[in-house]
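Q: First, the structure itself, so that you have it in front of you.
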Amino acid sequence: MKNTFILGIEGTAWNLSAAIVTETEIIAEVTETYKPTAGGIHPREAAQHHAKYAASVIKRLLAEAKEKGVKPSDIDGIAFSQGPGLGPCLRTVATAARMLSISLGIPLIGVNHCIAHIEIGIWRTPAMDPVVLYVSGANSQVISYMGGRYRVFGETLDIGLGNALDKFARGANLPHPGGPKIEAYAKNATKYIHLPYVIKGMDLSFSGLSTAASEALKKAPLEDVCYSYQETAFAMVVEVAERALAHTGKKEVLLAGGVGANTRLREMLNDMCEARGAKFYVPEKRFMGDNGTMIAYTGLLMYKSGNTLSLEDSRVNPSYRTDDVKVTWIQEEKMKRVPEISPGTSLKLGELLDNGAEAIVYLEEGPEGKKILVKERVPKAYRYKEIDERIRTERNRTEARLMSESRRHGVSTPIIYDVEDFKLKMQYIDGVPIKYLVTPELSEKVGELVGKLHSAGIVHGDLTTSNILLAGERLYLLDFGLAYYDKGLEARGVDVHVLFQTFESTHRNHEALIEAFKKGYRRTFIDSEDVLTRVEEIKKRARYA
């Protein structure tokens with residue numbers, strides 16, 4: 001059988017890179033990297049760099065391929081990074097791809113840059129159906145495949161982790177790229193400095209962390225600030241990845257994107273996966289940053305599934321979302337799925353009910369033989385001890401206080417019996433998380449519950465279908481560790497956005513679920529329309545920048 005040969009061109013930002021691949025082999029790859037004289041990336045200068053070197057990169061690539069017996073006439077398609085990325089750079093690369101397509105008389109394939117990072121990781125590791133932590137300059141996302149798309153479980157609400165690191169590095173007068181310099185300085189630190197740790201459900205925010213780190217430089221050594229920045233930011237993304245693992249029930253984590261070259265981040269992810277019994281995969285470093293091979297290989301998958309473009313449809317998209325892409329090359333029946341459960345499952349005292357991202361949950365016997373649920377926030381080996389103890393203590397107290405307060409406002413929650421430093425004892429409710437059986441009717445009831453919560457001035461902070469329990473005809477809200485008091489539109493909007501993101505990433509009927517939620521939310525919360533409008537604004541904000 002004849003091999004399929006695809007030529008791919010990457011050029012979303014810094015790197016102009018082209019490669020030729022088959023299903024099993026990288027034939028050749030040539031890269032020219034834009035290096036600004038000072039500061040960060042200048043989109044127009046980067047595009048000029050790509051235009052200057054495009055012809056020579058392709059010429060060198062074809063020459064290397066010829067040495068391996070691959071002629072231009074053997075190439076079956078031209079793949080290019082269609083987005084997301086910097087508009088001027090994308091347009092330059094698309095022009096080069098169109099010219100090659102016309103001259104060779106072969107189809108074009110428009111590749112999503114983010115998905116290419118995922119597919120190269122799956123190709124170059126044993127990963128089959130992973131939760132993906134994708135961290136690059138402009139992107140920070142937790143992603144997994146479901147129902148014909150790569151779904152985004154959580155992402156940055158402001159700035160990508162790589163750009164946040166670079167921004168801090170520039171303020172500290174460190175040369176570009178900032179990430180490796182921060183990593184090097186962090187190795188010589190002697191002290192951890194308290195910095196803000198911001199997680200909103202499965203979403204993240206890095207802007208406040210960067211500002212606080214820059215302020216800390218006025219009083220603390222650079223080494224200590226770099227170390228503290230890394231430990232805090234990386235713990236945040238690892239926790240969000242663990243939350244996605246717990247929610248989906250998947251057993252693999254794949255690290256993708258340029259920030260993934262950081263040794264400490266890899267170490268933390270490996271520690272988290274070992275503790276959960278999950279497998280951790282990361283491709284070799286040459287495939288972590290932007291490269292032509294990932295575009296070529298993803299283009300090959302798309303080509304073989306009949307996914308090509310006409311010239312008229314080859315316009316670039318600087319804001320091309322991961323979850324906008326119809327994934328035509330994955331066979332659904334081969335993917336692992338979370339086993340469903342049903343009410344009435346027999347549970348034994350002391351048996352582990354749940355190993356969540358926050359805590360382990362088990363039963364113990366209370367007075368008169370009554371079952372009591374124990375939620376214990378165990379140490380996380382991947383987190384620096386001071387961060388870990390602070391988070392566990394704060395969340396334990398917050399959960400006890402706001403869960404009880406929510407009950408007083410008509411929101412069904414378990415009754416808290418006792419509070420210890422890292423442990424809660426509460427009413428055991430024999431129910432099922434709605435992630436296994438959510439319907440539009442249930443979603444409408446969820447909307448009513450959240451409306452009552454917001455009317456009381458409480459923001460849950462972690463609204464997912466894993467944290468809502470159905471017992472009989474009643475819904476219970478669980479896991480208030482990230483909850484807080486806030487009557488602002490932004491806080492309430494993020495709260496609802498997190499839930500909608502869970503619907504979209506996990507449930508095939510997400511559109512019906514969202515509309516049903518809105519109906520119930522409007523019924524119990526007077527300012528619902530303002531919040532729902534803000535949700536749309538937040539959704540647009542969480543885009544490639």
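Don't overthink the numbers, they just go from 1 along the chain as shown.
The backbone N, Cα and C atoms fix where each Cβ goes, and this holds for glycine too.
The following feature annotations were taken from Swiss-Prot:
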ACT_SITE  Asp462  active site, proton acceptor
BINDING   His113, His117, Tyr134, Asp290  Fe cation binding site
BINDING   Tyr134, Val135, Ser136, Gly137, Ala138, Asp166, Gly179, Glu183, Asn262  L-threonylcarbamoyladenylate binding site
BINDING   Leu353, Asp354, Asn355, Gly356, Ala357, Glu358, Ala359, Ile360, Val361, Lys375  ATP binding site
DOMAIN    340-545  domain 'Protein kinase'
REGION    1-329  region 'Kae1'
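Please go over these features one by one and say how buried each is and what sits next to it.
A: Look at Asp462 (active site, proton acceptor): DSSP puts it in coil.
When Cβ atoms from all protein chains are considered, those within 10 Å of Asp290 (Fe cation binding site) total 26, not counting its own.
The Cβ of Tyr134 (Fe cation binding site) lies under 8 Å from the Cβ of Cys114, His117, Ile118, Ser140, Gln141, Val142, Ile143, Ala256, Gly257, Thr322, each of these being in the same chain and 6 or more residues away along the sequence. Tyr134 (Fe cation binding site) carries a strand DSSP state (E or B).
Under DSSP, Asn355 (ATP binding site) is assigned to a strand (E or B) in the three-state scheme.
As a whole-number mean, the pLDDT of the region 'Kae1' (1-329) in this prediction is 95.
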Q: List nothing but the one residue from Ser136, Asn262, Asn355 whose Cβ has the fewest other Cβ atoms within 10 Å; the candidates are the binding-site residues.
A: Asn355
Q: Using DSSP and three states only, what is Asp290 (Fe cation binding site)?
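A: For Asp290 (Fe cation binding site) - judged by DSSP and reduced to three states - the answer is coil.
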Q: Can you figure out which of His113, Gly179, Asn262 (the binding-site residues) comes closest in space to Val361 (ATP binding site), comparing Cα atoms?
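A: Result for Val361 (ATP binding site): the nearest of the binding-site residues is Asn262.
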Q: Between the recorded positions His113, Ala138, Asn262, Asp290, Asp462, which lies closest to Ala359 (ATP binding site), Cα to Cα?
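A: Nearest by Cα distance to Ala359 (ATP binding site): Asp462.
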Q: CB neighbours of Gly179 (L-threonylcarbamoyladenylate binding site) within 10 A?
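A: There are 24 such Cβ atoms around Gly179 (L-threonylcarbamoyladenylate binding site).
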Q: What is the interatomic distance between the Cα atoms of Ala138 (L-threonylcarbamoyladenylate binding site) and Ala357 (ATP binding site), given in whole Å?
A: 26
